[in-house]
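Right, one structure below, let's go through it.
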Amino acid sequence: MSEQQYIMAIDQGTTSSRAIIFDHDGNKVAISQQEFPQYFPQPGWVEHDPLEIWDSVQSVISNVMIKSQIKPYKIAAIGITNQRETTVIWDRHTGKPIYNAIVWQSKQTSDIAEQLIKDGYKDMIHQKTGLVIDSYFAATKIKWILDHVPGAREKAAKGDLMFGTIDTWLLWNLSGRRVHATDVTNASRTMLFNIHTLDWDQDILDLLDIPQSLLPVVKPSSAIYGYTGDYHFYGVQIPIAGIAGDQQAALFGQAAYDKGSIKNTYGTGAFIVMNTGLKPTLSDNGLLTTIAYGLDGQTHYALEGSIFVAGSAVQWLRDGLKMFDKASESEQMAVDAKTTGGVYVVPAFTGLGAPYWDQEVRGAMFGLTRGTERGHIIRATLEAIAYQTKDVVDTMVKDTQLPLTALTVNGGASRNNFMMQFQADILQTPIKRAAMEETTALGAAFLAGLAVDFWEDQDELRKLSRIGDQFDPQMDPQKAADLYRGWQRAIAAAQFYGKD
């Protein structure tokens, strides 16, 4: 493979779109980023304009090509990674969306999800899709749009409409409106996809009255989906060859290819994903079963746990309690405090995610005394992020019976050395921090590169996915166990208070 060639990754996130060009050594050559508007038509509703998303993607592609000075024919392939679950329905003839994109965290379809639970479909949907019934996933969003947009049901019945998660919407536009497809990771987040048969599930489609003609073709994560349209890249047809949802792309970018490998992406919340190998593991403890990636004719599965509040707890200390001016200051203040002074912070501002799934519980502080200082509360808040991670990781180990050997980490809060050391101590496991921040985009690039033989195999990719720092446990195991017991008491007390 000529060393003159490159891979482009499109990373379409919840608040911004990015295009990144990588070379053959997995180095970042150029990056462009652009934010786009968020819409909140009613409390709890979150929407995007799909045309604004597409405009932002075209803009970052153009900018990154200008920045890098790379000719289009030198781009060997394009990979796409995306905010998952966000739902677009558009007219296949005009290419125009019939409604805004309903974003993953939007609550406007909660009533549909609650009705499905009341009607007794919880076990059936969990068995088939690996997911819990929730408005988070695409299924209820599709039904809502079909039910609420005038004429949508009639158009859908005639086969005039197309559904896609954001990857599908971008692929359709990027391919000159020729390819309507998605990958197995994104399909597995719709609550319509049977993770055992690897096909759309007719029983669930019938239940929600969703015509199959609406749905994209499902392909492996690493495959040539199609080629760029004539009006992009000066007419050079570049293969679009890799697609994965953002958390799965981060797993792939961190080379977590072995069964039992776990990664944690610390963002506003935190997403912990464990590669469980070639067979799905259904969790008895509130974790989601999902698809990690599809590659070389094989489907790899994963368990996922979401923590609602991670980095946003630090923002709360900064913006809500005015404890410091910059989030980065929290690290030194936590170190200077030396201990939490017996304080535990449960940052359940919007309830608790995995493995508790408790919507009623609210944030709380325990162990306050007259001697409690600002530093104690800051340190306890950072420690809470590590405790929540342990809650999920321990559940994964319990569900799979696989040993925990290390946790690879990326995302903003992973740059906090104090927190990463405490994470290693409380898990009693080494923490490996990614050298590159853009591991999600790198994962999409890896998937695309494999499909066009830019890279040979996963062994080559392991060498390119570099670890920056490793944090080994330094705390006495008994002390770590005692601290964690205190956390479990704090959670139980917060849940008790949240009950009517």
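Placed from the backbone N, Cα and C atoms, the Cβ positions cover glycine too.
Going by what Swiss-Prot states, the ADP site holds T14, R18, G311, G412, N416, and the candidate of T268, T350, T372 recorded there is T268. Residues R84, E85, D246, Q247 are recorded by Swiss-Prot as glycerol binders, and the candidate that the same record lists for that site, out of Y6, Y136, Y293, Y301, is Y136. Note: the CA-CA distance between T268 (ADP binding site) and R84 (sn-glycerol 3-phosphate binding site) rounds to 15 Å. If you take the Cα of T14 (ADP binding site) and the Cα of R84 (sn-glycerol 3-phosphate binding site), they are about 9 angstrom apart, rounded to a whole number. Listed in sequence order, E85, W104, Q105 are the same-chain residues six or more apart from Y136 (sn-glycerol 3-phosphate binding site) with CB atoms under 8 A from its CB. Site extent for sn-glycerol 3-phosphate: among the recorded binding residues T14, R84, E85, Y136, D246, the largest C-alpha separation is 15 Å. In this structure, the CA atom of Q315 (ATP binding site) is 22 Å away from the CA atom of Q247 (glycerol binding site). Using a 10 Å radius centred on the Cβ of E85 (sn-glycerol 3-phosphate binding site) and all shown protein chains, the other Cβ atoms total 24. The recorded positions listed here (S16, H232, G311, N416) include no residue with a Cα within 10 A of the Cα of Q247 (glycerol binding site). For the glycerol site, the Cβ centre of R84, E85, Y136, D246, Q247 serves as reference, and the other residues of the chain with Cβ at most 8 Å from it are Q83, T86, W104, R189, G245.
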